[in-house]
Amino acid sequence: MNSSRRFDSYNEAFTKNFINFVLVFTIICINGAFVYTYFKSKDFQRDPRYVLYIHLVINDMIMLTLSLGLVIATYTGNPGFIPCWIMLVVLMTTNRNSPLNLAGMALERYIAVCLPLHHVQICTVQRAHLLIALIWLVSFIPAFTDIIIILITQTLSVFSKTVFCNTTLVFNTPYHETLSLVVEVLLFSFVFLTVVLTYLNVLLAARGVSGVSRDSMRNARNTILLHGVQLLLCLLSFIAPFINLFLITNWPHKTTDIFFSTFVFTNILPRLLSPLIYGLRDKKFRANIWMHFCFKGCRTVEERMKVRPRRTSKPVIH
């Protein structure tokens, strides 16, 4: 992205950052509506399914905000190493949180459908919070290991330097590349197998039931299938560096346009689709959003109409 300063004019840089800002702001507003609805309803807060879902939404909001800040920073100035490292650690941690959270949500749906008698005992709000803490710990360890590798392989003077805050440029040793490859392969293998196995078990269980239970299993199967779609969307942000390398090698004069396009399509848009395909699909969530936003707006208009003084007719003179 250093090349962005050499090839982008002021108008081009402003336009790209403005588009990124509008898209991220739109997603944060949509996600904010889900977060507001969640905290306004005690029923959602007592359901581990929604606890995991809202964590996914908040996690995406944090990741998008940091991503936008780093993109804008490439045009305004390079931060010091320590502020850059802190932002990258949080960014990489939240990026890895998403697929692990999807695996937890798929397991919860599997237990709810295939082990309904044990669902209340196994899936509690307290355990959902513990799972979220475990997800953050598992995602944080590889990000923290990156800085340990820098402490071992480089001198302490690196902490006093200003750096171009990009993951591939800051963590650029062969050890970092090996660690990143191993972590991503293990992470997505685990999540992929979890989603596939839960989907197949729900699919097999649905064949032996009928009526309402069959409908609930079909809904659970479709939900887990959507988790698979979300997992593929999350994968885009991990393969973005390889996409950039391939495109820049073939079209080096389009470097800044390539970085901008891949950021929009691999980081921003997947985070727009994820809450929509899951949140708005949920009838309970959709009804509460309608009640809190549209219904309240309509009710306010009606109340204003009621308090508006009526025109009195003039007395008729005979």
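Each residue, glycine too, has its Cβ placed from N, Cα and C.
Unlike curated entries, TrEMBL annotations are predicted automatically.
Residues 258-280 are the range that TrEMBL records as transmembrane segment, among 97-119, 258-280. With a cut-off of 8 Å between Cβ atoms, the residues of this chain six or more beyond the transmembrane segment (224-246) that come close are 95, 98-99, 102, 105-106, 109-110, 167-168, 184, 188, 191-192, 195-196, 198-199, 202, 258-259, 262-263, 265-267, 270, 273-274, 277-278, 281.
When averaged over the domain 'G-protein coupled receptors family 1 profile' (30-278), pLDDT in the model lands at 82.
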